[in-house]
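Under the heading transmembrane segment, TrEMBL lists 200-222, 234-252, 281-298, 310-331, 402-425, 437-459, 465-488, 495-520. What TrEMBL lists as domain 'STAS' is 551-672.
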């Protein structure tokens, strides 16, 4: 917009503008000066002293040209290599590159050369501490998975050694976990009975572990870790709470001394089985279970209230095992209805690669079980590792963790181990005990090895009721009520997803409850894609800012303009909705009599990060429809990919012209408003008027 003014008037108005800016610092705003009061006899000489003032309107330009190959490489890098792991190799000599490559694959080579005796003293204490927790938990979780108790100890020996070499977390303590044990046992038990055919069940467990590890390692190698992000925090909170209740209910068999118990996992079948077996209840078992359950819960409470006393909770399970074993041995508990583990084999892990089964009718079952348990254990392990890394201000590489956990499960399947990962309870004890490096896992592994070689006969009289109490105490921490209330306050839909996961696990099954919750979350994502948020913008008085009319009540609509903001990528899935919603807004705008007739539809596109060919067709159809209504389509701030595709699709400038592209809504409204008005006279009678628009 141009105004012609005499030079002395320009100087005087510049002084006024300068004074005005001094009162409103750090603001960038256009100044609109309208003058009248020019005397007629001076009007003729005005043009000889005129100076032009131009309101600058910035142009929208396409991004610099890049070849298709460069674009593909950039997109590939951002999708699979957002952390750019190869940047450390830039400008390095060959020898240094080899060293860096070896350190990347084997993180132990990074901290190993600087390892000291001082660090070892801390790792030794923490390793022995978590071993005291890992031994009883390993036996307990193996029984939870319907596997021989010795397999739980095997799984606490080999996998920690593998993780110590490949893992990037200093605090993660590796071993069996309750959730993966429960899911593995329940899924396999649907087709094979662990009591009727224990050998086949064991074969399927090892094969499932192999597929779980293969899947986990593949995610890390192929940089596909974003797949596990489909398990949102709400899903995990609901799932773990439901699984904790199911796990606890399953322990009623041991806590009550029931011999015949249901194989189903749901709440109703379990409680029905409990009350139908009242005649099997053993008061001796119940009394012992209550005593040790109270002892373990008390120890857990003390450690939670006073973190420095972490060793109380860490050592309580092993102390309970020792005391209960001595007690049962002294009173000959088997004669009083107290069931015991029985004799366990001595020796370290026997090879099991010959037990893996990749053919037959159960192949689909083991693949499915491996995928589900692999995702669950991977999610838990990475979440735990990142939690403690954030507390100690160091970085955990998610892809390295996937490969480390995956390879340790693959190796574990060859050495009589089932699915393992980083357990939160064990890692918390490891962190509190002062672990400095992954050597704490090595110390734990060596301690378990000594137990396997020399101490197995001592567990022969360990009562199952104590193992049940240990499991109940461990899984109680998975019920996070404060987190559930926090989700309720923030997002009601997430809370519904959490409840569905919770009740699905309790009343249907573990895997179906999880699948329903994931499906509902995926549906929400699809809903957001197909129904993108689109809002109407208005101007904030006294500014050049445009915001959502429903959010900012003081925002004002501009007569003759319909300003919409699209807040999502435009693609084939949402163009129909966007077209119909936009036309409905235009129709509603035409029904508002107090507003001037609609002249411009402005689409603010700062949030439109991507567009496909179907999205391009949306603008063509929309422009054709608007032309019939006498309305012009204007685009504001289309991003690089969007403007580039629009330019390519409109080589003849048929629907996207340069004068209908703007960087900001303010510039668009100011420029188009001046175009709507006829050139006003600059020499009219009356007092001189100065209008400053901020």
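Cβ coordinates come from backbone N, Cα and C, glycine included.
Bear in mind that TrEMBL entries carry predicted annotations, made automatically and left uncurated.
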Quiz item: At least three Cβ pairs under 8 Å linking the transmembrane segment (465-488) and the transmembrane segment (200-222), pairs spaced 6 or more in sequence?
Solution: no
Quiz item: Restricting to the same chain and to residues at least six past its boundaries, which positions have a Cβ under 8 Å from a Cβ of the transmembrane segment (200-222)?
Solution: 80, 145-148, 151, 184, 187-189, 192-194, 228, 352, 355-358, 362, 365-367, 369-371, 373-375, 377-378, 399-414, 416-419
Quiz prompt | Range from 234-252, 281-298, 310-331 with the greatest count of C-beta pairs under 8 A to the transmembrane segment (495-520) | solution = 234-252
Quiz prompt | Same-chain residues near the transmembrane segment (437-459), Cβ under 8 Å, at least 6 residues beyond its ends | solution = 108, 111, 115, 119-120, 123-124, 126-128, 130-131, 134-135, 138-139, 149-150, 153-154, 156-158, 160-161, 163-164, 167, 169-170, 172-175, 321, 325, 341, 343-349, 430
Quiz item: Other than its close neighbours in sequence, what residues sit by the transmembrane segment (281-298), given a CB gap under 8 Å and a spacing of at least six beyond its ends?
Solution: 254-258, 316-317, 320, 324, 327, 333, 336-339, 463, 465-466, 468-470, 472-473, 476
Quiz prompt | Integer mean pLDDT for the domain 'STAS' (551-672) | solution = 86
Quiz prompt | Residues in the domain 'STAS' (551-672) grouped by DSSP into helix, strand and remaining coil | solution = 53 helix, 21 strand, 48 coil
